[in-house]
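J.: Here it is: the structure, laid out below.
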Amino acid sequence: MMHTFLRRLCVVALCLGYIKASADFDCRRTSQSCVTGTCNDVNGDCDCPTDANGVATHRNADCGLEIAKVVPTALCGPPCLNGGECYEPTVGTYMCMCPEAFYGNKCENPRKKVECSGTEITINYMPIPTFSGDIFILDNRNTPECAFTEANGMYTATFTYQQCGVTTTNDQPNAGDTSYEISAAVRFNANIERATDMKLTAKCVIDGTGQSNLNDNIGTVSVDQRTDLTEETALTEYQPVSFQLQGKNGNPMPVPVNLGDELRIYIPLADTGRYTKLKITELQTNNGMVEQDLVMETLIFNGCLTDIGEALVTGDISSDPAIPAIIINFMAFRLRGSPQVKFDARVQVCEGTDTSCDSVVCPSPPQSVPSNPQNIPPANPQNIPPANPQNIPPANPQISPSSSQRKRRAAPDNEVILHETLTVLDPRSNEKLRLPHNKSDIKSQQNADPQQCLQSTEIMVMVIVLIVAVVLLLVITTCLAVKFMKQRAAQVKIYNPDMPTGNNTVRIPRAAC
């Protein structure tokens, strides 16, 4: 029995790569502010100060790490983990400066941690000091058995899979498995709910073979918009890079996106703990359709812009060595047959001594290449998958990732494949925001689209009839009121004190018109 219990017990710490101004830190939140520099009220980033030459003097999410005090990792004894950097705050004192997703002397502890057993789930969250807000299970804020307790800054909640609204899904992700999912809200001001609040979603998976493992998806979305937004998911597998679509200069992407809007692709390296350089080797785009309707173009091939890429990309492929990151500026476009633009990128990451990520000499004029030259697996046309550098999403949602990988060319260990999707509208036309669909989806989408209801002929006729009836009623009421006022004005009251009784009101005849 003990052996079975141990097989079903799993404790997995969340592994979040360092991304500047990630979900754990937002300078717009109460108790989270920039140590130096200024807070960007648009995206919650800290804009770090620079010297007279425009070179940054500080970095980290809160701009609290003075670059001049960063020292070799060896001086911190055992190296800093999870992207932490060794620095010297005072002469002869060496410490690890952790990314915002981790804490501890060596940055060894994740701020979000989930523990799963065969019967219960435990959520642990260590907020960035100084936290004075509130943490609670969604829809169970006042339920005692679902409450978080605080000890030394750590907030913890433990409950069974039958409590607190835990969602149970059988045969997921594989046949015989059981998945349990629960969400918590982190409110940084106990009395105010803002868009900068967080939603934590933990998911435990009990393997149908009797073994247990955890795939915890702890991401962040606005609590007050949690039904509208897609969670930014942090997987247990290490992701060295991410794919982000941004507005010009890194601003939030405009909504909606119209043809000609200035955008950029931003691919940052999560941290420099293992890899220090990156290079985009291929970038393809398609219209999200299937079979004969699929349109695909290659923008980057072998690290160089193609002829199509030269036409669509603004300037050259640039980089931000401070992160480091790849930046590709472009003006919003779309391909024939669909407003959706799907990007598939192949990115190579390198360690310090590896020269394969160095820049290459590109041909002139740019090369013309066939579509999908290296068979980059596109994102599922009917279901937008999250970026998963280690596991290429299967085209068939019913096929497990492991079986799908056996059918496709796997990416090398130092290469990741990323996917992202953008919807672009044409402001010159009166089109509506619709996703491409199969014929089998038409009926369900019509039922779900409120515009279909509003455009119903019968309802429009009824609305017009009601409007006409109301107008006629107002006209009739106005005429009656005017007639009554005229009758009152035509009467003159004459009072005669010599008349003992009777009606003292005399009607004066009016001249005929």
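Going from the start of the chain as shown, residues are counted 1 onward.
Quick reminder: no glycine exception, Cβ is built from N, Cα and C everywhere.
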J.: So Cys107 is in a disulfide according to Swiss-Prot. Which of these is its partner: Cys98, Cys116?
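T.: Out of the candidates Cys98, Cys116, the one Swiss-Prot links to Cys107 is Cys98.
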J.: Reported as an integer number of Å, what is the Cα distance between Cys107 (disulfide bond) and Cys80 (disulfide bond)?
T.: 6
J.: Consider the disulfide-bonded residues Cys80, Cys96, Cys98 and say which one has the Cα lying nearest the Cα of Cys86 (disulfide bond).
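T.: So, spelling it out, the nearest of the disulfide-bonded residues is Cys96.
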J.: For the disulfide-bonded residues listed here, Cys80, Cys107, which shows the highest count of neighbouring CB atoms within 10 A?
T.: Cys80
J.: How many Å lie between the Cα of Cys80 (disulfide bond) and the Cα of Cys98 (disulfide bond)?
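T.: Per the Cα atoms, Cys80 (disulfide bond) and Cys98 (disulfide bond) stand 8 Å apart.
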J.: Which residues does Cys96 (disulfide bond) neighbour through Cβ under 8 Å, counting only same-chain ones at least six apart?
T.: Cys76, Cys80, Leu81, Gly84, Glu85, Cys86, Tyr87, Gly104, Asn105, Lys106, Cys107
J.: I'd like the number of other C-beta atoms within 10 A of the C-beta of Cys86 (disulfide bond), please.
T.: 20
